[in-house]
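The following features are taken from TrEMBL:
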- 24-220: domain 'ABC-2 type transporter transmembrane' (DOMAIN)
- 30-53: transmembrane segment (TRANSMEM)
- 60-85: transmembrane segment (TRANSMEM)
- 105-132: transmembrane segment (TRANSMEM)
- 144-167: transmembrane segment (TRANSMEM)
- 173-191: transmembrane segment (TRANSMEM)
- 227-248: transmembrane segment (TRANSMEM)
Amino acid sequence: METIKTHEKNSMLKELLALIKWSLLRHKSLLPVFTLTQAFLSVAIVYGLALLIPNVDEKTAIYLSSGATALGIIAVGCVLAAQIVSTAKQDGIVSYQRTLPVLRLNILVADFIIWGMASLPGVFMSFLAAYLRFGVKINFSFKGIIILILIQLCMISIGFTLAYWLSPNVVGLATQVIMIGGLLFSPITYPTDRLPSLLVRFFEILPFVPSSNLIRSMFYDQGIVNIYNIIVICFWLVLNMLLSLVSLSRRD
């Protein structure tokens, strides 16, 4: 019995490694693209938005710095991931994945690993841009990196769900709404006290504002880590993973 279980575990591991290799080959150009995209967005936020504010104090600098990181992760996970996977769905790759005799969870895990690794350099580029512009102190820790990866996975899972369940035209519209809403309306680059309380509560249910709150707490020492924010991120991650698994398990 133990031999059978060991064989099954080894088989699952080989299956996952093969899927990771295949995903890496398909997305080998993602690393420079993601890094440049996040770097450009970070520079636009920390330099561009700062021009609209006459006197940038320490609090404003921290909001712009953490907001640049959060919006970069949102851009990669919710926008680029959704659009690229949607294109793969049009090309028949997703349909092919559904025919493979592998665990659907392994397909998701493999893509999560590749997308997460590809977007990490861009995240640290955003920290660098913020440091060069404002000189704010950034605190790296093991817990902070874990939270950062959790946020990445959540945003990537949202992008996958959009791509798997929506048509390409609707995916394009949905990703633009997320990006415009995150950049212009969500209290990511500015404090929540500038919005009505009802609107603040709405944004706190979505994963975007909690993500920026966690980044500020973990990397800029702005308040304690609120467990509610972690719960919101985990909820959206689990929900979108389940929706993605259901979509991959369907037989069209």
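Each position is counted from 1, following the chain as shown.
For all residues, glycine too, the Cβ spot is worked out from N, Cα and C.
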Task: In contact by Cβ distance (the transmembrane segment (173-191), the transmembrane segment (105-132); 3 or more pairs under 8 Å) - done: no
Open item on the list: Can you tell me which recorded stretch out of 30-53, 173-191, 227-248 has the most Cβ pairs within less than 8 Å of the transmembrane segment (144-167)?
Closed with: 227-248
Task: Stretch among 30-53, 60-85, 227-248 sharing the most Cβ pairs under 8 Å with the transmembrane segment (173-191) - done: 60-85
Task: Residues from the same chain, set at least six apart from the ends of the transmembrane segment (60-85), whose C-beta lies under 8 A from its own - done: 27, 30, 33-34, 37-38, 41-42, 45-46, 49-50, 53, 94, 115, 119, 122-123, 126-127, 129-131, 133-134, 136, 138, 151-152, 154-160, 162-164, 171-172, 174-176, 178-179, 182-183, 188-191, 208, 211-212, 215-216, 219-220, 222
Open item on the list: Please report, as numbers and ranges, the same-chain residues at least 6 past the borders of the transmembrane segment (30-53) whose CB is under 8 Å from any CB of it.
Closed with: 60-61, 64-65, 67-69, 71-73, 75-76, 80, 84, 114-115, 117-119, 121-123, 125-126, 129-130, 133-134, 189
